[in-house]
Amino acid sequence: MTNLRKTHPLMKIINHSFIDLPAPSNISAWWNFGSLLGVCLMIQILTGLFLAMHYTSDTLTAFSSVAHICRDVNYGWLIRNLHANGASMFFMCLFLHVGRGIYYGSYLYKETWNIGVILLLTVMATAFVGYVLPWGQMSFWGATVITNLLSAIPYIGTTLAEWIWGGFSVDKATLTRFFAFHFILPFIIAALVIVHLLFLHGTGSSNPSGINPDSDKIPFHPYFTIKDALGCMLLLLVLLSLALFSPDSLGDPDNFSPANPLSTPPHIKPEWYFLFAYAILRSIPNKLGGVLALLASILILLIIPFLHTANQRSMMFRPISQTLFWILTANLMTLTWIGGQPVEQPFIIIGQLASISYFMLIVIFMPFAGSFENYMLKPKW
């Protein structure tokens, strides 16, 4: 009798994706983040579903409905804390996943990489509209500041902003539609994840060495299922520690005050995972220029495959490129720090220098380093 998992139409897909999938034998823990992102997405969809059962998307009751969830709903406080901190874990895994892709040259699988960038943008959009829902001070003013950037677009900007708002400012209509967006987008993300995996399984995973691993592959199960299970347990340990011991450490204290359109918070800033992009936005003293730089800071990922000049795929044996990669990492951390600081000296100039170096590292220095390493590897005799 033939095995059901190899013959049944549905089981066959699962079998080829998670059981009999040939995987390179040398992929390190950096390849765990894909599965961890899948776990994060499932946690967010489940906790979000239970929150949506008790939340009301009305300006008069949104804030108190979140308080009601935390006070009166069975384990509502836990569901809310898991959802809020789950978003932070999601972005932490996303940034590490993208960083791994850049370091080991995974971006050369262009279709997988491009779908990944679209996924990143969709997750960022979902997190942004989700942050507006509790209708606290930072929710309201964050929504006002970021949606108002649309008005920088020539000719159609103001009309576009008012169309998104559903009125002349961020109000009841905005909150209702943001809740609708926040509910539907995770399912769009789930569909994109399937497409992402489809393209990935067409080529197979890359590996740390960057050379063709076809001669040495092992089945995904049990080797990588057990490895992913360990990663999953560590992720849950960190998430539960955050949610149970210091659930508000990554949030903004201003969001414990209900939204008040008549009082602006002293420092408007988004959640920590958007601070690097927010710092780039603020570093340009022109509205349209800032918006374009903000978009470019993420969309630049799309051109990375075309900037690859090295003969070797991975940075594993390329010390100059490695150095530049870690400088880029430090640069992004600097931008994250600057994004949370007030707009005054010396933070303004540090932010501007960090923004310029962010783009220069990716567009100029890293491609040049690849070419230089090719030259250094050529025999000189």
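Just so you know, glycine gets a Cβ as well, placed from its N, Cα and C.
Worth saying up front: this structure is predicted, and the values here are computed from it rather than measured.
Annotated transmembrane segment per Swiss-Prot: 33-53 (among others), in sequence order, evidence recorded as similarity to another entry. Beyond the transmembrane segment (33-53), the same-chain residues lying 6 or more positions past its ends with a Cβ under 8 Å from any Cβ of the stretch are 69, 79-80, 82-83, 86-87, 89-90, 93-94, 96-97, 100, 182-183, 186-187, 189-190, 193, 228, 231-232, 235-236, 239.
Per Swiss-Prot, transmembrane segment is recorded for 77-98 (among others), and the stated evidence type is similarity to another entry.
As annotated by Swiss-Prot, heme b b562 binding site applies to His83, His182, with the evidence given as similarity to another entry. According to DSSP, His83 (heme b b562 binding site) is assigned to a helical segment. His83 (heme b b562 binding site) has a Cβ environment of 21 other Cβ atoms inside 10 Å.
Residues or ranges marked as heme b b566 binding site in Swiss-Prot (evidence: similarity to another entry): His97, His196. Sequence-distant neighbours of His97 (heme b b566 binding site) (same chain, 6+ apart, CB under 8 A from its CB) are Phe33, Gly34, Leu37, Gly116. In the three-state DSSP scheme, His97 (heme b b566 binding site) falls into the helix class.
Residues of the same chain lying 6 or more positions beyond the ends of the transmembrane segment (113-133) and with a Cβ under 8 Å from any Cβ of it are 55, 57, 62, 66, 87, 90-91, 94, 97-98, 101, 106-107, 139-140, 142-143, 146, 174-175, 178-179, 181-182, 185-186, 188-189, 192-193, 195-196, 199, 270-271, 273-274, 298-299, 301-302, 304-305. Look at Swiss-Prot and you will find 113-133 (among others) tagged as transmembrane segment, backed by similarity to another entry.
Summarising the annotation, Swiss-Prot assigns transmembrane segment to 178-198 (among others) and lists similarity to another entry as the type of evidence.
Annotation source Swiss-Prot lists ubiquinone binding site at His201, citing similarity to another entry. His201 (ubiquinone binding site): 14 other CB atoms within 10 A of its CB, across all protein chains. In the three-state DSSP scheme, His201 (ubiquinone binding site) falls into the helix class.
Summarising the annotation, Swiss-Prot assigns transmembrane segment to 226-246 (among others) and lists similarity to another entry as the type of evidence.
Residues annotated as transmembrane segment in Swiss-Prot, with similarity to another entry given as evidence: 288-308 (among others).
Marked as transmembrane segment by Swiss-Prot on the basis of similarity to another entry: 320-340 (among others).
Look at Swiss-Prot and you will find 347-367 (among others) tagged as transmembrane segment, backed by similarity to another entry.
With a threshold of 8 Å between CB atoms, the same-chain residues lying at least 6 positions outside the transmembrane segment (347-367) that come near it are 279-280, 282-284, 293, 296-297, 300, 303-304, 307-309, 321, 324-325, 327-328, 331-332, 334-335, 338-339, 341. Separation of the C-alpha atoms of His196 (heme b b566 binding site) and His83 (heme b b562 binding site): 24 Å, rounded to the nearest whole number. Applying an 8 A CB threshold to same-chain residues 6+ apart, the list for His182 (heme b b562 binding site) reads Gly48, Thr126, Val129, Gly130, Leu133. His201 (ubiquinone binding site) sits 30 Å from His83 (heme b b562 binding site), taking the Cα positions as reference.
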